[in-house]
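Here is what TrEMBL records for this protein:
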type	residues	note
BINDING	8-15, 21-22, Arg58, 85-88, Lys96, 112-113, 156-157	substrate binding site
ACT_SITE	His9	active site, tele-phosphohistidine intermediate
ACT_SITE	Glu85	active site, proton donor/acceptor
SITE	His155	site 'Transition state stabilizer'
Amino acid sequence: MAKLVLVRHCQSTWNDVDAWTGLTDISLSKKGREKAKKIGNFLKDIPFDLSFTSALRRAQETLTEIKLTIGRGDLPVIEDPALNERDYGDLTGKNKPEMEKMYGEEQFLKWRRSWDYPIPNGESLKDVYGRVVPYYTEKILPELQNGKNILVVAHGNSLRALIKYLDGIPDTEIADLDLGFGKIFVYEIDKDGKISGKTIKEADIN
């Protein structure tokens, strides 16, 4: 039985100021690096065979800190833009509380949590799903079916899209799925690619 472990990247310098980051390639903050190490402490007992991450530094740096913490600096890494964060288009770089105050809670939540509501010059979660799920089924799932334990470090929305697929979450309920920093999703995957178990761990990263 293989394990699929999903981890959101830790705080970047833009997360610290509550700005939409999207595809902007921002590094982890000092606090983010320390929290990534704490997440690593929760994963020391899993013998990973392979890891996947996005093409963005904040996810790659989180993965690096985890690898070093678990003593697996040699863990193979595959980077791919299919796992990138949602493109926030014209909202990129905007302060979230200021945008909510300016446009109202209803509009703000449509931008942030809806399934297919468009962002000007950006992606909806449905668009992200359209690139993440095929990547999972074509590149990650075959490795799991071969019995490999896989660590995926990506982004809030790319992981929301993947979890929607794995858990069969309806379009109307996906807004309720929130991936906070420090939340770790562990799936048990059998040789047929079916999920036989799931646990959610909460790393103490405060």
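Each residue's number is its place along the chain shown, starting with 1.
From the backbone N, Cα and C atoms, a Cβ is placed for every residue, glycine too.
His9 (active site, tele-phosphohistidine intermediate) has its Cα within 10 Å of the Cα of these recorded positions: His155, taken from Gly22, Arg86, His155.
Between the C-alpha atoms of Gly156 (substrate binding site) and Glu85 (active site, proton donor/acceptor), the distance comes to 7 Å.
When the C-alpha distances from His155 (site 'Transition state stabilizer') to the binding-site residues Arg8, Gln11, Trp14, Gly22, Lys96 are tabulated, the minimum falls on Arg8. Other Cβ atoms within 10 Å of the Cβ of Gly156 (substrate binding site) number 19 in total over all chains. Cβ neighbour count for His155 (site 'Transition state stabilizer') (all protein chains, 10 Å cutoff from its Cβ): 25.
Note on the recorded positions Arg8, His9, Lys96: the fewest other CB atoms within 10 A surround the CB of Lys96. In this structure, the CA atom of Gly22 (substrate binding site) is 6 Å away from the CA atom of Glu85 (active site, proton donor/acceptor). The C-beta environment of the residue listed as 'active site, proton donor/acceptor', restricted to residues of the same chain at least 6 apart in sequence and closer than 8 Å, consists of Thr21, Gly22, Leu23, Ser54, Leu56, Ala154, His155, Gly156, Asn157, Ser158. Following the DSSP three-state reduction, the secondary structure of Gly156 (substrate binding site) is helix.
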